[in-house]
Amino acid sequence: MGPGSQRALFLLLLLLASPGARAFQSCLNKQQLLTTIRQLQQLLKGQETRFTEGIRNMKSRLAALQNTVNKMTPDAPPVSCPALEAPPDGKKFGSKYLVDHEVYFTCNPGFQLVGPSSVVCLANGSWTGEQPRCRDISECSSQPCHNGGTCVEGINHYRCICPPGKTGNRCQHQTQAAAPDGGEAGDPAFSRAPRCAQVEREQHCSCEAGFHLSSTTGGHSVCQDVNECEIYGQKGRPRLCMHACVNTPGSYRCTCPSGYRILADGKSCEDVDECAGPQHMCPRGTTCINTGGGFQCVNPECPEGSGNISYVKTSPFQCERNPCPMDSRPCRHLPKTISFHYLSLPSKLKTPITLFRMATASIPGHPGPNSLRFGIVGGNSRGHFVMQRSDRQTGELILTQTLEGPQTLEVDVDMSEYLERSFQANHVSKVTIFVSRYDF
């Protein structure tokens, strides 16, 4: 039966099912109607067979596809590198061992890092470089004792034996001369007559607060000043003053070094912010940075240009590289931005402590880097710090060794941006740290 006959029979079936079917039936005799019905039944049966065959074929193909998928090699787990341990007498920063993650190392005070300060997990499941170690260093090699003092080596520490007339943990202070006659030892203000009374034929004497009863060579009683500064200055006793204690008749008072003010409690010292006032002492064109007990005048400069590479100062503390020529690959690998940061720290700060954070932010409508790498790339005291990633977009500069001032440290940290493992740009932050002489 051709396509035309099939369409005719289909229309005939519709007519038979319509309300006017009776009028149509009167035009055909019984034999003609039965023949037409049989033809329609055969047509429907053929359509049903082809439909069933199509369903069966589709099921067969799906089953074959499922078998193929089941036989495929399962997805490989993410590549990771072997776990690393902190070196003896050192510390490890970083606990993720996947590709492109970094792990950082530093040593405890008294030890020096030998080897790389950080390693990166490679795509082949190995670390870059060798795992570093910590080597014991001589505490006296830096000649910490001043004024001819003798350095005595200890385990992770040293002590200075000072010559006559010098004192302090590094022999840096002049000893106070003994009080001459008429000084504190002989000053009438530091010794007073006691209050005495006869009680049942016996004499009882007492002293006012801040004095204690003492006997003289003649057997007489006298009230002698209690030197609170000497008593509480002994090792193991709490400090009366944050800085210096001055003994006074019957009491004491606390003083602060230059650049600090005494607080209301009479014991604590607070740094004076010389930069807060409108009339600070920095010349025009410089910026005043407050430090512990003083201030610094700074005016950071951009790197000098070379050839077609140059920088422009966009703010007092930031430089930006001018656009690179299309064919200058070395230019693109130089820092895109250089920023300057200044920190003021007290001596003997407890470590480890985060000092500085470096981060990136994506511009709306522009794809940002999908990988960042942080590191320390310069400075004069790299061994005191470690740069560690804290999250996907942030790196932290961590102080790992205690600092003792006064001293000025510089450390340059770098943030490199990658897009699909292709280098995009890097940014450098130059951090200058002013360490105070004092621990407050």
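Note: Cβ is positioned from N, Cα and C throughout, glycine not excepted.
Annotated features, as they stand in Swiss-Prot:
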type     : residues  : note
COILED   : 28-73     : coiled coil
DISULFID : C81-C121  : disulfide bond
DISULFID : C107-C134 : disulfide bond
DISULFID : C140-C151 : disulfide bond
DISULFID : C145-C160 : disulfide bond
DISULFID : C162-C171 : disulfide bond
DISULFID : C229-C245 : disulfide bond
DISULFID : C241-C254 : disulfide bond
DISULFID : C256-C269 : disulfide bond
DISULFID : C275-C288 : disulfide bond
DISULFID : C282-C297 : disulfide bond
DISULFID : C302-C319 : disulfide bond
DOMAIN   : 79-136    : domain 'Sushi'
DOMAIN   : 136-172   : domain 'EGF-like 1'
DOMAIN   : 225-270   : domain 'EGF-like 2'
DOMAIN   : 271-320   : domain 'EGF-like 3'
CARBOHYD : N124      : N-linked glycosylation site
CARBOHYD : N308      : N-linked glycosylation site
SIGNAL   : 1-24      : signal peptide
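Overlay of Swiss-Prot annotations on the structure.
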residue	record	DSSP (3 states)
C134	disulfide bond	strand
C140	disulfide bond	coil
C145	disulfide bond	coil
C160	disulfide bond	strand
C171	disulfide bond	coil
C229	disulfide bond	helix
C256	disulfide bond	coil
C297	disulfide bond	strand
C319	disulfide bond	strand
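The sparsest Cβ neighbourhood within 10 Å, among the listed disulfide-bonded residues (C160, C275), is found at C275. When the Cα of C140 (disulfide bond) is compared against those of the disulfide-bonded residues C134, C162, C229, C319, the shortest separation belongs to C162. Take the CB of C288 (disulfide bond) and look out to 10 A: across all protein chains shown you find 17 other CB atoms. Residue density at C302 (disulfide bond): 16 other Cβ atoms are found within 10 A of its Cβ, drawing on all protein chains shown. Of the listed disulfide-bonded residues C81, C107, C121, C140, C145, the Cβ environment within 10 Å is emptiest of other Cβ atoms at C140. The highest number of surrounding Cβ atoms within 10 Å, among the disulfide-bonded residues C256, C282, C297, is found at C256. Mean model confidence for the domain 'EGF-like 2' (225-270) is a pLDDT of 88.
Of the listed disulfide-bonded residues C134, C171, C229, C245, C269, the Cβ environment within 10 Å is emptiest of other Cβ atoms at C229. In sequence order, Y252, C254, T255, K267 are the residues near C241 (disulfide bond), counting only same-chain partners six or more apart with C-beta under 8 A. Each residue contributes its Cα atom, and for C229 (disulfide bond) and C171 (disulfide bond) these two points are 20 Å apart. With respect to C145 (disulfide bond), the closest of these disulfide-bonded residues in Cα terms is C171, chosen from C134, C171, C256.
Neighbour counts of Cβ atoms within 10 Å were taken for the glycosylation sites N124, N308; the minimum is at N124. On the backbone, the CA of C256 (disulfide bond) and the CA of C245 (disulfide bond) stand 9 Å apart.
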